[in-house]
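K.L.:
Dropping a structure here in structure tokens format, bear with me for questions.
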Amino acid sequence: MDLLLLAVAGVLVIVTVTSVAGRIGVAAPLLLVVAGVGISFLPGMPRIEVPPEAILAGVLPPLLYAASVNMPAMDFRRDFKAISGLSVVLVLVSALSLGWLLPRLIPGIGFAEAFALGAIVSPTDAVATSIVRRTGVAPRLVTVLDGESLLNDATALVLLRTAVAATGASVSFWHVGLDFVQAVGVAVVVGVLVAVVSLFVRSLVEDATVATSISFVVPFLAYAPSEHLGGSGLVAVVVAGLVIGSRSLVELRADDRIAEAVNWRTIAFLLEGAVFLVMGLELRPLLADFDDSGQPWSRLAVVTVATLAVLWVGRALWVALLLLELRRGRRAVQRHAPRLASFREYLASEQAQTLSRRRRERALQLVRRREADVSFYTEQPLGARDGVVLVWAGMRGVITLAAAQTLPPDTAQRSLLVLAAFCVAGVSLLLQGGTLAWVVRGLGAESDRTPQRRAQLRALLEAMGEVADARCTEAAEEGLDGRALDPLAVEQVRRRRTPAAEWEWAGEDGEDRERRIRDFVRLRRAVLEEQREALLDLRSEGRFDSQVLDTVLGRLDVTEYAATRRGPQPPR
């Protein structure tokens, strides 16, 4: 009963604080941490300690899945160099730097313990993305931060596992490298396998409610086997989410996608709110444990400030190098533009007619994709202002606290290390998160792409209209599946009307009315399928903004859902 009351109270606090945060213009995660700290010091409040395994194995997998399944594969591919550098190399460099520094500040610990704390405080939190997105910065910057938060947790936990093992025996650098490669390799295989199998199973299920329920266990189906086989469960979850997100448009029905999106938004909202509330609630017991250890508070302050300084300086230096590399890469990509133009001309020449039509189309699609990449890197570069935002957005969060609590009880100076990790996460979250919007405005780093997106949306909708007109013309002349269609039904679909337009046929006798409705629904589905295939081709070429594509794909899903409700269920 006590647990039930705590859960109900927690949900009410999350909902209330989130509503208040929206009214006063403060990020909800920040206010939830503050609320948790305040609640933990209320008289009679019991000591609240959540097992770290509950966060690492119970909360993080669904949170990472919800984020990765919505990550556009095109954007992830284009900025994979920046994402991998921040989420892997920077985490390793930060952990090594702190592994060298902290033994000089904390007596009684060695490189392994210091390296463990470095691994714990190195990963950034996904809350940065939610804060940055509201400030109106460049979409590319949001993609980099989102991708970094998806992968750096796994990197940190692999390094932490190695550091803990090193406290009892010597571990070489090569051992760390092999452990990381094995963890990632196993995770990728498991993640892809789980994604493919789950999509296949869900495609066989007729009920959207049942199909969505299956998606709830996918993160754990990816996490548990990967961990058991020595891989990174979190990487497996991210891989599964990326694969499912990119393939769901082909494998699943519209009502499956709509139901999954709505349900997972609710789950992510509650879980994200819960972890930040719990983060604040756990401060009081951590302070009590540290006080019992007899450590001086001044040492905690020195360790916290030194750790934050190393993380900030290291991230600033790395981002500076990253911007230089991205600039060099942009110039290199731009030099390929003339070659792409020449290859496009070749594909249109008579010499290319010796190739099969399929090979020419695939080659042309690849050329268009590369040209779109050149345009993307040229028109949306990351500059110095974006770099400052990228540095300041590297705040720590609940993963740091949960990972710190997994340190073995016999770890030297454990109470100091755990509380220092909390202080680093808390100060980083409140200081950087609370001022991030001001930093963006002060730098003038806002990037309003509304006009470009509106232009792209108009172009995309016009293209979809052309697809619909072509399909309707073909259906009017040749019928659908070998059957002639009612001309009025074809005209209604051509005008892209929904099944609600059936009132125009209400005065007719029942047989004609039902026949026209059936023809309308059948042709409407065929047109929607044609439009979706055209959108998928455009998405693979990368010529349109991912958010614009998602908007149009969402409209198609809603329209298809409405058509499906009126007529018989389409075959899988």
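Heads up, the Cβ atoms here are built off N, Cα and C, so glycines get one too.
No curator has checked TrEMBL annotations; they are predicted automatically.
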K.L.:
In TrEMBL, one of 112-132, 154-174 is tagged transmembrane segment. Which stretch would that be?
P.N.:
154-174
K.L.:
With TrEMBL as the source, which of 22-41, 262-281 is set down as transmembrane segment?
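P.N.:
Comparing 22-41, 262-281 with TrEMBL, transmembrane segment matches 262-281.
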K.L.:
Which sequence positions outside the transmembrane segment (387-404), separated from its termini by at least 6 residues, show Cβ-Cβ distances below 8 Å to it?
P.N.:
29, 52, 55-56, 60, 117, 119-121, 123-128, 131-132, 137, 141, 144-145, 153, 156-157, 160, 275-276, 278-279, 282, 311-312, 315-316, 319-320, 322-323, 417-418, 421-422, 424-425, 428-429, 432-433, 435-436, 439-440, 443, 445
K.L.:
Near the transmembrane segment (180-201), which residues from the same chain, at least 6 beyond its ends, have a CB less than 8 A from one of its CBs?
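P.N.:
Residues packing against the transmembrane segment (180-201) from afar: 154-155, 158-159, 214-215, 218, 221-222, 225-226, 229-241, 243-244, 247-248, 251-252.
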K.L.:
Hey, which of 54-71, 231-250, 262-281, 301-324 has the most Cβ-Cβ pairs under 8 Å against the transmembrane segment (83-102)?
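P.N.:
The stretch with the most close Cβ contacts to the transmembrane segment (83-102) is 301-324.
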K.L.:
May I ask for the residues of the chain that lie six or more residues beyond the transmembrane segment (54-71) and have a Cβ under 8 Å from a Cβ within it?
P.N.:
126, 143, 146-147, 149-150, 153, 157, 216, 218-220, 222-224, 227, 233-234, 237-242, 244-245, 248, 264-265, 267-268, 271-272, 274-275, 278, 398-399, 402-403, 406
